Structures are given as structure tokens and as C-alpha cells.
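Some features that Swiss-Prot has for this protein:
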type: ACT_SITE; residues: S159; note: active site
type: ACT_SITE; residues: H186; note: active site
type: ACT_SITE; residues: D279; note: active site
type: DOMAIN; residues: 2-119; note: domain 'Response regulatory'
type: DOMAIN; residues: 147-336; note: domain 'CheB-type methylesterase'
type: MOD_RES; residues: D53; note: 4-aspartylphosphate
Amino acid sequence: MKIAIVNDMPMAIEALRRALAFEPAHQIIWVASNGADAVQRCVEQTPDLILMDLIMPVMDGVEATRRIMAETPCAIVIVTVDREQNMRRVFEAMGHGALDVVDTPAIGGPNPKEAAAPLLRKILNIDWLIGQRVGREHVVAAPRSEPARRDRLVAIGSSAGGPAALEILLKGLPVSFPAAIVLVQHVDQVFAAGMAEWLSSASGLPVRLAKEGETPQPGVVLLAGTNHHIRLLKDGTLAYTAEPVNEVYRPSINVFFESVTRYWSGEAVGVLLTGMGRDGAQGLKAMRERGFLTIAQDQASSAVYGMPKAAAAIDAAVEIRPLPAIAPRLVEVFTQ
């Protein structure tokens, strides 16, 4: 994989160089010391992946991510030394299309390979994600029965560009929204709690991490909060599981959507938002085949038109809508 480093700190650059050296297939093609330089270098030589710092002179990592994704899009991972202090910037960058975030590898420790492992694992996942194919497996659903009570659920999946998209969508919903909402966003568990807090503050809706064994409740937004997959169980509660191990992104949108297909007996809507790759497309297809309404974000409003495009390609979406139109549609569906 051809990789670029954007960072103004020599020690951080050296730490990234040493980490990448453990995988000979990775080639560093250029290094930029600020965002403006990175934007220009991408025009001249677009890498497969950029390891992007956040705080830099001239142009910071958030604006550089926005410019690069608009002009010469490629995979971007945010690398930061202080995730707590930079949490808001992390989500802003992800809103512009950054795929993930990882701590800067430690340098000079007793086990440098172990220190490099989280970064190398992220890169491996992204390499796989870029090259994956849409499966055609059919999900066998339990027969849909008339529910004893009108349970309502909105299942939402998002990846690159997701935080900003989720903020816009949730802002469009009233506090009295009558359906439960479960979000599956591709984000590392160390950032999940911060993301829930940020979304809650930005949207005005109660957003918190989903807990093992709890039941989705109307008007409450639950965010998958670990690096395991989240599933709906037969009794209507939520559970985290390491299986299936072959799903690279954790939590997997497909896994959750398919569990909704199997076990949700009330009304449901599946929504697939911006993101790179194809996670969620097959799960959305399963929800449609079950008879649920399915919505995919359109190309014009997507920061990264990967997952919604994959869904459209296999006819998984009943409706394809611009992001600002999705919340009003959900209100319409559940207030008829």
C-alpha cells in the first residue's frame, strides 16, 4: 500500500516510519508537514492511504481532509497523540470523510512491534475494505407476524463521513420521536463514548452507548459502543458478540441489520449513510426482502459514496434520498 504521512512533528513522523517498517508491503511515498502541502502533494501523487495529524500550521488536518476528499479522494486515517483533547476535531474530520482514528504509536518502548500493532491493524482493515466485494448471500428471516404492540425501530449504519451525517439526521428528529434508534458507526471503542456525548449535545436527543442486554426504547438513540458486533436477539434485547470473526469492520452494519431482519417483529426502517466500502449493503437488502422500508443516502450528499452506492447496486434501498430529506421521511413514516 502506498502511504503518505502528514505531520509537523519529527518524532511522530519517525514513530510512524518505524511502525510501517514492520510491514514491507507498505511504502511511504511522501511526507508533508502541514495540510496545505498535503493537498498539493495529493494532486501530484495520490496515495492509497494518508496518516493525517490534526494540529498543524498553515492548514490543520480537518480542513486538509475536507479538501483532499473533495479534490483527490483517498483513504484517510487520523493519527493523534491526545484523543480526549482533540475529540471534536476527530469527529469533524470523520464528517469530511476520514475513515478512522488511531493513537500515534509509542516510540522507544520495550516492544515496538506491539506498539505498532493497532496502526497496522487499521491499515490492514482499510486495505481489505477498499478491495472487498458485495456478497449475495440470502438471509433467512423468521416469518413476520403482526406484533402485539407497535414496536418501532430505526436501524442506521454509517462509516466515513458518518458523524457529521448523523448530526444532521438526528437534528431533524423531534424529541418526541416515537421510534427507538440504534446507530452502528465504524469507530473505535475508545472514541465511541465521546461520539455519543458529542451527538447528544449537537442534536438535542438522548444519545448514549448501547448496553449489553438492554431493549431499544422509543425516543432513545443507542450507539454501538465496543469493537465487537452488536446484534438484536430473539427476546428483543441487544448483545455484543465477537462472531463472525471474518467481518473486518467492528461493529459490522451487516451483522446488526441482519439480526433486525431475523428478530424484530414490529415496524422498522433501515438507513444506510455515507461510508467507504460495502458494509451494510447486504444487510439493507435483507431488511428490504423482509418487507421493511430501507433508505440509502444519495451520492450528492454523501461524503464518501461507497456503502450507499453498493446498496443501490444490489437494489437494497426502497428509497434513495439526500441526507436532509431522511429525517423528515422518518417522521412521516412513524407519525402516520
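Glycine too: its Cβ is placed from the backbone N, Cα and C atoms.
A quick note: this is a predicted structure, and the numbers were derived from the prediction, not measured.
On its own chain, S159 (active site) has L99, Q185, H186, Y249, I253, L273, T274, G275, M276, G277, D279, V304, G306, M307 as residues at least 6 apart in sequence with a Cβ closer than 8 Å to its own Cβ. Non-local contacts of the residue listed as '4-aspartylphosphate' by the CB criterion (under 8 A, 6+ apart in sequence, same chain) comprise V6, N7, D8, M9, A12, G61, I78, V79, T80.
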